[in-house]
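One structure is given here, and the rest of the page talks about it.
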Amino acid sequence: MLEPPLEVHRVCLPPARTTVEKLRHRLSEIFFPDDPLHRFKDQTWLRKLVLGLQFLFPVFQWGPNYSFELLKSDVVSGLTIASLAIPQGISYAKLANLPPIIGLFLGSSRHLAVGPVSIASLVMGTMLNENVSYTDEPILYLKLAFTATFFAGLFQASLGFLRICDRFSVEATLVGFMAGAAVIVSLQQLKGLLGIVHFTSKMQLVPVLSSVFHHKDEWSWQTIVMGVSFLVLLLTTRQISMRKPKLFWVSAAAPLASVVLSTILVVCLKSEVPGIKTIGHLPKGLNPPSSNMLYFHGAHLALAIKTGLITGILSLTEGIAVGRTFAALKNYQVDGNKEMMAIGLMNMAGSCSSCYVTTGSFSRSAVNYNAGAKTVVSNIIMAASVLITLLFLMPLFYYTPNLILAAIIITAVIGLIDYQVAIKLWKVDKLDFLACLCSFLGVLFISVPLGLAIAVGVSVFKILLNVTRPNTVVLGNIPGTQIYQNVTRYREAVRVPSFLIEEEWLASNNRGNIKCVILDMTAVTAIDTSGLDTISELRKMLDRRSLKLVLANPVASVTEKLHQSNILESFGLEGLYLTVGEAVDDISSSWKAQP
């Protein structure tokens with residue numbers, strides 16, 4: 001029985017396009033890969049208006065179907081997260097060296113509970129305090145904090161507008177950073193737990209521990225006993241809620257209950273424990289407008305911009321991660337680009353109303369989710385509760401001890417130490433683990449911003465290493481198929497006599513029995529002039545050794561550049577094939593046909 005004649009498919013050039021068309025197509029692939037306006041095509045103007053409102057304001061999607069049952073769930077969850085948000089807001093504001101009232105604000109999203117977060121608060125407090133003392137120049141410090149918040153929001157909104165959320169992922173890089181920052185934040189809270197008055201403002205491990213033991217004479221045993229007791233209580237409630245999610249309300253209510261209980265204890269025992277430091281006077285009323293305090297000129301503008309960019313990146317990473325986590329649990333879609341713009345615009349507006357950098361919080365969002373939140377109305381209920389607190393209840397915090405704020409912060413940041421992810425990084429990718437470890441040690445022993453910079457630097461080095469040193473392997477044929485795979489990975493793959501088949505580049509070849517070299521170009525998604533020169537030099541080198549060079553399955557853009565550089569002309573008709581299999585069969589047949 002005769003075998004059917006071999007069919008060899010011709011590799012075609014892509015359709016001719018102008019430079020403008022290529023640029024438009026490339027920008028569309030970068031910024032609009034999901035074609036966000038496809039729903040507007042072939043629609044009436046009225047329908048386009050409705051779709052536009054739903055696109056910009058999601059409330060128009062779920063609002064018409066909102067019911068009393070949904071409202072009941074949102075009210076319960078809103079009040080629950082308010083009980084957690086109020087004490088955390090006060091605590092994180094002090095972590096950023098800002099007045100406690102600055103930590104109470106409004107927020108947005110479905111399960112995302114927005115508010116100040118520990119890492120962004122720490123970074124802002126550290127970076128600003130290195131140049132401007134919050135005790136010596138409180139007004140200038142406030143101006144820089146609000147200005148940094150404005151630039152953080154501007155940066156976040158710009159990322160969302162440019163639609164690069166899908167490329168905004170640095171989880172492995174931030175694991176070590178967050179763990180190191182959590183350790184530093186916890187150690188800084190020893191000031192409140194031990195009752196120390198004079199404490200270092202530095203954020204490195206050695207100065208913090210040195211300050212703790214150099215001021216042993218300031219330790220207050222009453223503060224230590226009360227602080228450790230409430231810390232153990234908060235950690236215990238956290239463990240209970242982690243092991244039994246239905247008891248989420250235990251850890252959610254614990255911070256506010258601890259604030260109330262500790263305040264009552266201080267009031268009742270203030271004559272017997274005068275050494276316990278309290279928050280003091282907090283003014284009632286809404287935060288005043290701060291647009292006139294934004295700092296857009298002067299010697300510290302660069303500091304405000306740098307602080308805003310770094311805190312913006314950190315808070316945005318956490319916010320997007322939280323939103324996607326709970327969206328996956330409830331099986332609904334989250335548009336990360338919209339979230340970016342929403343968080344960014346919120347921070348820009350917040351900078352004009354005495355608020356600092358905010359984002360989605362893991363702890364508050366978890367409480368919001370477990371409390372049964374259905375829509376963003378839960379955040380509105382939380383905002384109303386915060387508003388009532390601002391207007392009427394702030395004087396009640398006068399005798400709230402600083403030790404309880406320290407205990408709340410420690411309880412919250414401990415969850416940022418994720419050793420399981422670090423172990424996974426070690427098993428999966430050693431360079432990612434190195435970035436994690438360098439970041440962790442950098443934060444502990446150098447500084448918070450430099451720790452982050454080190455982690456990013458190691459990650460960039462990893463990317464450059466992969467790009468500049470692509471993996472090159474020898475391919476063999478899996479018997480009975482037209483499939484060619486790595487001979488060291490697939491033991492059954494057989495080397496084809498007289499052929500050397502590689503995935504990417506061949507540096508040199510000295511084997512006398514080789515007649516043809518096939519480069520599988522499937523994985524080469526782009527090529528520059530250096531790559532074109534490499535292919536040209538490789539072909540000339542192999543020609544001098546009487547070896548044939550063949551390219552298999554180059555993508556459209558690579559084929560086009562090979563054609564425009566006139567390299568394809570030197571390959572001839574038998575130099576370019578659609579698959580490795582067709583190349584091997586066709587070239588082998590031509591050799592057999594030769595006398």
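Using N, Cα and C of the backbone, Cβ positions are placed for all residues, glycine too.
The transmembrane segment annotation in TrEMBL falls on one of the ranges 105-128, 321-344, namely 105-128. Looking at 174-199, 219-235, 294-316, the range that has the most CB pairs within less than 8 A of the transmembrane segment (247-267) turns out to be 219-235. The average pLDDT computed over the domain 'STAS' (463-587) stands at 76.
In the domain 'STAS' (463-587), helix, strand and coil residues by DSSP number 47 helix, 24 strand, 54 coil. Residues 117, 119-120, 123-124, 127-128, 131-132, 140, 143-144, 146-156, 159, 168, 170, 174, 340, 343-344, 347, 351-352, 357-359, 449, 452 of the same chain, all 6+ positions outside the transmembrane segment (294-316), place their C-beta atoms under 8 angstroms from a C-beta of that stretch.
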